[in-house]
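Residues or ranges marked as transmembrane segment by TrEMBL: B:40-63, B:75-101, B:113-133, B:145-168, B:188-208, B:220-239, B:274-298, B:305-329, B:335-354.
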Amino acid sequence: MLLNIIKKIYSSNKKIPRFPEKSNKKEIEIKSQKIYTNLEQTISTFKELYSFPINNDVNFRTFDIRSLNKKAAIILIDTIADMKIVNEFVLEPLLNNSNPTGKVEELLSIQAISKVSIIQHAVDEINKGSAVLFIDSFDYALSISVSNIHNRGVTSSENEIVLKGPKEAFTEESSINLSLIRRRIKNENLVAESVPISLRTHNVLYLVYIKDLANEQLLNNIKNRVKALKVDSIQNLPLLEQHIEERKLSLFPTILYTERPDRASSYVEDGYIVILMDNSPDCLILPATFWSFFHISEDHYLRFIYGNFTRALRMLAIFITLFTSAIYVGITTFHSEMIPPDLLLAISATREKVPLPATIEVLLMELAFGLIREGGLRVPSSIGPTIGIVGALILGQAAVQANLVSPIVVIVVALGGVCSFLVPDISMNFAIRLSRYCFIIASGLFGFFGMTVFFTMGLFYMVSLKSFGVPYLSPMTPKYTSSKDTLFRRLLKNEIFRPGYLKPKDMKKN
Amino acid sequence: MQESKGKIGIREFIAIIILSTGTKLSDDTPTLLFKEMASAAWMAPIIIGVITFIPIYLIIRILSAYKNKNLAEVIFHLLGKFFGFILIFILLLIIFSALVVDSAVYTNIITSMYFSKTPTIAIYALLMIVCVYGAKKGIEHIGSVAWAMTFWIKISFIISLVLTFFHGQLDFLFPILGNGQWELLKGSILKSSIFADFLYLGFIFPFVKSKLDFKKGIWISFSFIIIEFSLALAAYTLLFDYIGVRLMNFPYHETIRYIEAGFLENIETFFYPFWLVASFIRFTFYLYLTAIIFGSLFKIKKYEYLLPTLATLIIFIGLIPESPTFVIFNLREKLLHFATPFFLILPLLLWLIAKLKGDLNNEKSKPFY
């Protein structure tokens, strides 16, 4: 079974079996043609493309433009277009104006109008929410931007909470997200380059960077990787992240994911590249190092000493999460001589009635904690407290009273579990929690020796990781010029360099 | 961004040397020194440092004259194919036997001090798995890991030293010259191959970013190791007296078991994992060196693929001695004595030939390090 799983992981779908597929060739051909001058033909073509009567929200409206004395039609999807604007600024002027003029554009009192001359482009515009105006005997159509896609407003950040500093978070609309970044960086060199990525759904992403800071080579590397994607659809950034990362099976994340515009803009200002996308209330920051997963934006908003105090706490929490359970297993199984006799007696007294070996006992409790945590995440908020009570009382208290686990194990596991919440980034959080299981197993097999073996191998693995060419533990090792914001941060007046591993065009911050 | 070129900077270089050579103070090397020099053992590293200064200086001098050539290529260039082959083969044998013997010692430390029930082969195999994994990642990553851990390893070591000095008695240092100055000198010369690692560093010369980094790195770490070694030996003497240390095979581990800090009585837990990481890095580096020398001797370009084979060989040879605590201890002493003349004479020989060939002339104006 294990072999099968491994095979599954490593085999990519290179051999594609033949499916009885229906060819789309005819429609593709139609779409690549120029717009017909015959309006009737155009309308029937579009009705066919949009499978008209079945497709409920596609709207075809034909009418006469009196001033031109021609027939015309407007095609739009009424769920994503603003019908009010269409009526007021498009239909009314066209219907009511009887003065003969040569140009239709002059009749429309709307700013964003563009010409399209190929059917495919007209279809793209309609899909985006524009209204497309076709006029008889014209060999082009007019796309009028009236899109009104529903989205929620800017709300405060829910997953990256800070007490001091800006509260707002990205939302699902990329133009709003972009405006949130532009509001922070008022500079003409801030570029938001749009890159189309998917073949079927035509998703677009925005590469946001500062032109005179970001390294060209890095930018081209990212662009090439994004353009090389041959995927039908990429709905949002978490999916994109998995498409463009280098080591897809790696335990550690190599792309930073955040929902805070202030964080994104501070990275952009350092020469990083940020990816925004529609439908994603977040952004991707590349390249990322281990330290960017370890930091949160509040570290810099708090005063120097307080900020570093939280950093110290977080580092301690990571160590506790990784090692407490494993150390407990190691001590009780192999190294009982290492702890003071009093503590040893206390531990052995509580373990006296427990029938399970320490490793199994700890793994059992870790698993229970993992289950409660995952369950608590998915539970509807109205019955949330129940889970808490069940988790805490039944799994903790009752398991101890039933002599299934010893009270010390509950403390050890709970401590590790609570500390794991101090790791701010969700991907890093998973990485650390999964390594904790590995440490427990290593410790159960070989005590501290096994733990150190696993730790050293993990360290070797971590230093060999790269995110878009940037070593994972830089600037610590290998060394680069930087503001030395790694484990602890410096005074703001001393953080004067942009990270050297990015090779920004301007190293010094003023 | 910047594609790495597989080179290490001065910090990583120093970290590798400090960890790979400095860890010797925690195995049975101190006992070897105490055997002949008694209470004056702590002076041995300093004397050895003075003796080995010249060979190390010459090695740096020779290597600097040939840009981007490692020691093997230099030896081939200077001695010709036949003699070069023999010499490098001997060097390979020495480092390979050192690797076998030392890894057997470390496995023995782990099994006898901490895991008396676990089968030796399991511990040995795990040790070698880490080393192969690390060595396969290459010198750059060995350096990075070494640098990332050096600070913490040395902090833990310094704490153990300070605690030892608190527990020790100053009287144990006397008689200050131990068995007499001649014994001291003789012992030091015989054991000077303790620092033979510095000769082998020549094989990674092209991997260090610049010539200056290589020179500086060697001298900084050389002085650091001498001081560290002396302090450690002095600390063992203060704590156990030289008679006591002679009886122990692994004084460092006895020390961390003996010392206590306030209400904490058994604090070896705080030192043991750091010592383990240091020894992993040490053997990773040795294994990598062995593979490089093997590769340049037999013209194998992708020497990384040799690592698993070498490691397997090491395990099986290292497991042969029946009672490692005694057999390997003696083997190690013999090996040290055997390696010493090579270490002291080889650089001189190479330097003379290079001088005669006239390759060193362009180096005269360079500053002295």
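Backbone N, Cα and C atoms are what each Cβ position is placed from, and that goes for glycine too.
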Other parts of the chain folded back onto the transmembrane segment (B:335-354), taken as Cβ under 8 Å at six or more residues beyond its ends: 32, 51-52, 54-56, 58-59, 61-62, 65, 74-75, 78-79, 87, 90-91, 94, 97-98, 101, 189-196, 199, 360
Top Cβ-contact partner of the transmembrane segment (B:113-133) among B:188-208, B:220-239, B:274-298 (pairs under 8 Å): B:274-298
Highest-contact recorded stretch vs the transmembrane segment (B:75-101), from B:40-63, B:145-168, B:188-208, CB pairs under 8 Å: B:188-208
Stretch of maximal Cβ-Cβ contact with the transmembrane segment (B:274-298) [cut-off: under 8 Å; candidates B:40-63, B:145-168, B:220-239]: B:145-168
Selected stretch (most C-beta pairs under 8 A with the transmembrane segment (B:145-168)) from B:40-63, B:188-208, B:220-239, B:305-329: B:220-239
Residues from the same chain, set at least six apart from the ends of the transmembrane segment (B:188-208), whose C-beta lies under 8 A from its own: 6-8, 10, 13, 17, 20-21, 24, 29, 32-33, 36-37, 44-45, 47-49, 51-52, 55-56, 59, 63, 68-72, 74, 91, 94-95, 139-140, 214, 217-218, 222, 225, 289, 292-293, 296, 336-337, 339-340, 342-344, 346-347
